[in-house]
Amino acid sequence: MDTPWILSSKKLFEAGYISSLSKRAQALATIGIATGILVLAFAIVVVLETILGKRSIVWVVLRIAGLLFVAGGVAHFVYPESYARIVPSWGAWGWWYIPGSPNFHVIWSGIAEILGGLGVLLGGVPYVPGWVGPWSANALFALTVCVTPANLFSLTHDEPGPLKDFSGAKEFRLYPNYHIRRMLAQAVVLAILCLVAVSYTSRK
C-alpha cells in the first residue's frame, strides 16, 4: 500500500513522486494538498484581519498584486509552450477531466490574469466604477483556485514549466522545499486576494 506515505512523508513533495503512486493515492494526495492550501489561506485571512485590520494594507497590496498578475498574464503569451506543459493531462491523478487543449487554458488564463490585474490596479481610481476593484479581486481569487491544478501538476509530474525559461538554465530541477514554499505562497496569495476583496467592499 502506498497511501500511508501521503500523510507521513516529505517524499510527497519530491517532484514526480506522486505520479508514481496508484490513481487512488494520487487523488488523495492532490485533493489533500489543494484542501490544505484553502484551509491555510482562510486561516491567514483571520490572522491578518486580527493583526492589521481590513483596510490597512489594501492599497499597497492592490498595486503589488495587480502588477504581478499582469506580468504573469503577459508571460503566458511570451512562454506559451512552457505554460502548456504544466496544464494537467486528461485523466491526471484519476480525477482531472476538464475539456480544452493546453493552449486554450494557457490563453484564457493569461487574459484573465491581465484583466484581473488591471482591474485591481484601477480599482478606486477616480471615474472608475466602484465595482471594478472588488469584482477583480474576487475574480483573481477564483482564478488562483482554478489554476492551482497546474501547480500541482508541476509537483506531481516533475515539470518546471516557465520556471526553466525564467531562470535561463539549461538544467533546472525542482526540489521538495521549492514545492512546499510554492504551496505556502499559493495560500498567502489566496488570503491576500480574499482580504483585499473584503476590504474593498467594506470601504465607505
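Backbone N, Cα and C define each Cβ position, glycine as well.
So that you can see what the record holds, here are the features copied from TrEMBL:
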- 27-48: transmembrane segment (TRANSMEM)
- 60-79: transmembrane segment (TRANSMEM)
- 106-128: transmembrane segment (TRANSMEM)
- 135-155: transmembrane segment (TRANSMEM)
- 183-201: transmembrane segment (TRANSMEM)
Residue numbers, six or more beyond the limits of the transmembrane segment (106-128), whose CB comes under 8 Å of its CB atoms: 59, 62-63, 65-77, 80, 83-84, 87, 134-137, 139-140, 143, 146-147, 196, 200
Positions whose Cβ lies under 8 angstroms from the transmembrane segment (60-79), at least six residues beyond its ends: 106-107, 109-121, 123-124, 133, 137, 140, 162, 165, 189, 192-193, 195-196
